[in-house]
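The structure appears right after this line, and notes come after that.
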Amino acid sequence: MSQMLHIEIPNFGNTVLGCLNEQRLLGLYCDVSIVVKGQAFKAHRAVLAASSLYFRDLFSGNSKSAFELPGTVPPACFQQILSFCYTGKLTMAASEQLVVMYTAGFLQIQHIVERGTDLMFKVSSPHCDSQTAMIEDASSEPQSPCNQLQPATAAYATSPSVPIPLLTRVKHEAMEMPPATGPGLASKRPLDTGPRDGVAVATGAAGTPGTAPLKLPRVSYYGVPSLATLIPSIQQVPYPQGERTSPGASSLPTTDSSTSYHNEDEDDDEAYDTMVEEQYGQMYIKATGNYAVQEKPEPVPLESRSCVLIRRDLVALPASLISQIGYRCHPKLYSEGDPGEKLELVAGSGVYITRGQLMNCHLCAGVKHKVLLRRLLATFFDRNTLANSCGTGIRSSTSDPSRKPLDSRVLNAVKLYCQNFAPSFKESEMNVIAADMCTNARRVRKRWLPKIKSMLPEGVEMYRSVMGASAASLPLDPEFPSAASQVFEQRIYAERRNDAATIVALRTDAVNVDLSTSANPAFEANEEVDGAGSVIQEVAAPEQLPADGQSSPQAFEQGNTSSSRPQTPVATATRRPEGTYAGTL
């Protein structure tokens, strides 16, 4: 048998995509042109179709080499989104977030819509008053402001061959102040009471205002720094606000077709993770070096603070979206308000949702009422709740009777809100969509069952091998809770004798073992009284069994007359060292 040679190039896909981006910038080998307000953008048809469901439907069955977008799409905004399709990086000003997010939703670019919109409201948290605030994974190490501004970052941002990071990062880029003039930073500071024009004033240690006002920092996705941060002498030039208009309704479909992006299978895996209940958390600067943050610092006067105060922007629906859907949304969305404000979805229903979450649903849905229903359901119900539910309670004869319907109070409020948004939306269609989401959630969870089985403790596999073929033939419950509960449950049905001693027989292929009440008093206390089939559960716990339960295996071993008998699960589970699997009978 000949040997097989395996060659693997790390980050090969990112390198190829970077080369395609270079070709696009040079105008080489491009097979399609996107015309926006008379300005043509050359690109590769395959890259656009892979990044945008809108372009995939547009290119389907159409061999034209030029396509024109609605005249209300701003060219500068489309240029940024086109660059994102090749690099996975998006940089925009804080005041342009809503327009960019809505344009990305119109083009059906899910990565921007689902990740960018969730981070949009985190950027301007009311307690985010540090010079640099980062949203990273929990395993990342604290970084000092000096380390974040290394020259290598500029090369990383400009080189197309650098692999795209897997985690989304958001940075606030602001002008660095001298370390000698910075006092200890307070953990909480009041909001800036200055004019709401997007300008924050930096003050020195002595209380003298800065020579020039600083613009609000630009938002950088995937850790791309702004040029003004790397080179402080260069000032940022804001984009013309007149061009930042949202796309019109000339190309928006008014009905959900079979190719709608929320009817695709690939959307089902992430539709339930886009909403986070507490997504407006506090972000503080990570103090390093000589700047230690006190637990209860003394209040510092506003005049002596040497950092930039970033206010929390108030949000409202864009005027371009209102012109398409009218005034069918929640009445509070048409006026500016705090994104963390709790709104009652329907008056008198008692079902509440934050302003930011509800606006996120409308920005993603646009004029599509079915997409709005899916987004609202994904906001109120997580994936596990949907997977363990039968939908609206209308179940078929083959459904598992243990599945309970979704909360009727929340479900009725969502239905009523969607009917107010689209009066022609039938309740039967809503029930089908809710049931379909539950089915998709179960299908996604079943994909992870082999991985969960591979992570089971060794005690479970040992126990099944000792119990023999009868116990091994019992499959794991496909609906058992996953890693969130940390409880692994295997049901074994035992027989119960009718005598007063209540002896449980554990039958295996090799031998029958009888545990009497005198030999195992702890087991008698835990034994269920009702029913003919008792259930024995295995619980994964780091601690050992209590002292009174450890005496039972010793008594059992003393009563053993044959050395050829296999060791019972009770004795094996008890002898395991601390920190491993412990079976509880």
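Note: Cβ is positioned from N, Cα and C throughout, glycine not excepted.
The compositional bias 'Polar residues' feature in Swiss-Prot is assigned to 238-261, 549-571. The SUMO2 cross-link annotation in Swiss-Prot covers LYS171, LYS215, LYS296, LYS426, LYS453, and the record cites similarity to another entry as its basis. Sequence annotations record features per position, and here Swiss-Prot assigns domain 'BTB' to 30-94. The domain 'BEN' annotation in Swiss-Prot covers 348-445. Annotated region 'Disordered' per Swiss-Prot: 238-269, 541-585, in sequence order.
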Average model confidence [pLDDT] within the domain 'BEN' (348-445): 83
Composition by DSSP (helix, strand, coil) of residues within the domain 'BTB' (30-94): 28 helix, 16 strand, 21 coil
Other C-beta atoms that fall within 10 angstroms of the C-beta of LYS426 (SUMO2 cross-link): 10
